[in-house]
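Engineer: So TrEMBL says this about it:
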DOMAIN    3-74  domain 'J'
REGION    26-46  region 'Disordered'
REGION    83-111  region 'Disordered'
COMPBIAS  83-93  compositional bias 'Low complexity'
TRANSMEM  133-150  transmembrane segment
Amino acid sequence: MGDHYGTLGVRPDATKAEVKAAFRRRALRDHPDRHAQSGDAGARAEAARRFRQASDAYHVLSDDRRRAEYDLRLRSSSYVRTSSSTWASSSGSHGYGYGHRESSWRRPPPGGGGASVGYDWGLLLKAMTRRRFLLNLGFSSVLLSGAAFLDGSILELWNMNNSGVSVYSR
């Protein structure tokens, strides 16, 4: 199956209302309860699979944050389609959806296997502009400048109190 937009049959610039309406149409068509009376087990399984895909697509596309991350990964050429059960995330967070996805987007392994070899600068910039990163960077710079100041101050105090005495003379 294609991407989440293709799963629901909406354009990438679709509104939340259009995404919701498309999901409802798919849910009415493919809901497992609707196919429970079917004698064909394969048809029931296929309908359940399509319903799970539509549910996963709606779960991602209905939330602004998840949709923005999905769009970023969709545009990125360093992600390839795999048959995994979750999203590969550079932040180490859990996957989207409910854990029963048939395929997902995953960063290719180092040394090949992907569409292109390069660095995803968009994800790096996103990680560097997060609040916790900036707070840690500020805290680290304060600690390092304090350590440099103390080191210089201790040397100056030694030189003032021990003029003409070498550290190595003892």
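Even glycines carry a Cβ here, placed using N, Cα and C.
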Engineer: Per DSSP, what is the helix/strand/coil residue tally across the region 'Disordered' (26-46)?
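Structural biologist: Helix/strand/coil tally for the region 'Disordered' (26-46): 15 helix, 0 strand, 6 coil.
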Engineer: What is the pLDDT of the domain 'J' (3-74) when averaged and given as a whole number?
Structural biologist: 88
